[in-house]
Amino acid sequence: MEVSVLSVILIGAVCAVTALLSHMGVAVFNDGVRPFVPEFLEGRMPRPEYALAVFGLCIGFIASVGIGNALATNLLNPWLLFLATDIIGAFCPNKWSAAIAGAVWGVLCLVSLGGINTALTFLPVDLLGSLGQLGTYIVTGFALFPVLAITMQFGWKRGVVTAVLAILARIFGPMWKFGPSKASISADAWMLLVGVILLFGFAIAQDLSNKGEKNGEFEGNLFSERVARIRKNVPFLMVGGALIAVICNLHLFAGSTVSMFSLADAYHGAANASELIQSAAVNELFRGLSFIPLIAVTAITTGVYGVAGFTFIYVAGYLAPNPFVAAILGALIIFVEVMLLGFIGKQLGRFPSLRDAADNIRSAMGTCVEFAVLFGSLNAVIAMGTKIGNPALAFAIAAAAYYLNEVTGRKIMRMAIGPVFALVTGIILNLLYFVGLVALVG
């Protein structure tokens, strides 16, 4: 990957924009962060707790997936850049500081990958690497939110049916291969897709059975407010989309693991470079299709978009003949995606049962993410404890922090306590190591 004045400017600009989007609550990269954003914006979650939760959800993947893949492929990736800008946007007190800090991070990543890796993995008890466990089950847990929403609105029997069908879809869905690359939709996407279809199906069926009642207007319902918020910020999203497509086109950035290794080979002089790029683009396209349910539903219900949209801008960047075309396509794709969100939101708004489901959806999302984060945090704690041969000690520290928070009135809300006790546990274990009370095991 060539470091030049142009690449420094572009990477700095991309990270400045994505950090700004995160700070404004317009878009984030981490799907697990998205449900937290309305909690913060609407005043139910203080910034310190919000920022700490975002940090805990993102930092482990930066240290592992982000840096590891960047070193392996010599290409920047969204885990390295955009998870960090999610954190930067959450912590920074104003727009200017977010944009500047984001730009600095991007340039730092471009010029000093090796140094970053060393700095993040310095501690003897690997705190940051273990924190990668926090987000392990976020998408899986989140994909089950329709089960909870259906149970809340339509009763436990339909909830059980939905849970069974969703889990069966997770098992058997990925077995279906399609397209020239024999790609498959991810297991979590299958589970979410089935759940969402059933949620909408039950709601629409209820509305059809009560068709004599007057449907409410779209304006004013939660779906329309969320979509309108995204549409209001579409210029910022289009700028981000254009810049991301450009850095893909200039061979600086790969969007995911399904494309980055093929692209790395192609960009380093493989004889079949064109074929590898086309294959990477096709794989990225199918991956993007698999994420439509997750991104669209969370965007409509939270009012927070993804910094890369449905990720089709990656495909445009790979295949565009030059950076100018890539920029135009990137901006246009984001615009079309956001406009389609509005259409989807309008259709949802015409059905009273779907409007009524909005609160249940938000509550269900919060519950699912809360449990997944708590479970992932415990995994991180156990991973750190295993490194010193005493996972029970690590669990005891984490449990003490959790119990104290519970009995003191939940000074830290449940959605954030998992990352907090994982961080506390990691810090304490490292302190115990430095004073000689614990030792690393082989």
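Glycine too: its Cβ is placed from the backbone N, Cα and C atoms.
Positions annotated as transmembrane segment by TrEMBL: 6-29 (among others).
Long-range contacts of the transmembrane segment (50-70) within the same chain: residues 30, 32-33, 36, 39-40, 76-77, 79-81, 83-84, 86-87, 90-91, 109, 113, 116-117, 120-121, 128-135, 138, 257, 260, 373, 377, 380, 415-416, 418-420, 422-423, each at least 6 residues beyond the stretch ends and with a Cβ under 8 Å from a Cβ of the stretch. Residues or ranges marked as transmembrane segment by TrEMBL: 50-70 (among others).
The transmembrane segment feature in TrEMBL is assigned to 99-122 (among others).
The transmembrane segment feature in TrEMBL is assigned to 134-152 (among others). Within the chain carrying the transmembrane segment (134-152), a Cβ under 8 angstroms from the stretch's Cβ atoms is held by residues 30-32, 35, 56-58, 60-61, 158-159, 162-163, 166, 170, 188-189, 191-192, 195-196, 198-199, 202, 294, 298, 357, 360-361, 363-365, 367-369, 371-373, 375-377, 379-380, 418-419, 422, all 6 or more beyond its ends.
The transmembrane segment annotation in TrEMBL covers 159-179 (among others). Here the transmembrane segment (159-179) has Cβ contacts under 8 Å with residues 143-144, 146-148, 150-151, 185-188, 190-195, 198-199, 282, 286 of the same chain, all six or more residues outside its ends.
According to TrEMBL, the transmembrane segment annotation covers 185-205 (among others). Below 8 angstroms of C-beta separation, residues 139-140, 142-147, 149-150, 153-154, 158, 161-162, 165-167, 169-171, 173-174, 176, 286-287, 289-291, 293-294, 297, 348, 351, 353-354, 356-357, 361 of the same chain, each at least six residues beyond the ends of the transmembrane segment (185-205), sit close to that stretch.
The feature transmembrane segment is assigned by TrEMBL to 234-254 (among others). Counting residues 6+ beyond its ends, the transmembrane segment (234-254) has Cβ neighbours under 8 Å at 1, 6-7, 10-11, 13-14, 17-18, 20-21, 24, 26-27, 73, 75-78, 81, 110, 260, 263-264, 267, 280, 305, 307-309, 313-314, 316-318, 320, 322-323, 326-331, 333-335, 338 in the same chain.
Within its own chain, the transmembrane segment (293-318) has Cβ neighbours under 8 Å at 18, 21-22, 25-29, 31, 34-35, 37-38, 78, 82, 85, 139, 142-143, 188-189, 192-193, 196, 222-223, 225-227, 229-230, 233, 237, 240-241, 244-249, 253-256, 259, 263, 277, 280-281, 284-285, 287, 326, 329-330, 333-334, 337-338, 341, 344-345, 348, 358, 361-362, 365, counting only residues six or more beyond its boundaries. According to TrEMBL, the feature transmembrane segment maps to 293-318 (among others).
TrEMBL lists 324-344 (among others) with the feature transmembrane segment. Beyond its flanks by at least six residues, the transmembrane segment (324-344) meets 227-228, 230-231, 234, 237-246, 248-249, 296, 299-300, 305, 309-310, 312-313, 316-317 of its own chain at Cβ-Cβ distances under 8 Å.
Feature annotation from TrEMBL assigns transmembrane segment to 388-404 (among others).
The feature transmembrane segment is assigned by TrEMBL to 416-441 (among others).
Here the transmembrane segment (388-404) sits against the transmembrane segment (416-441); at least 3 CB pairs are under 8 Å, leaving out pairs fewer than 6 apart in sequence.
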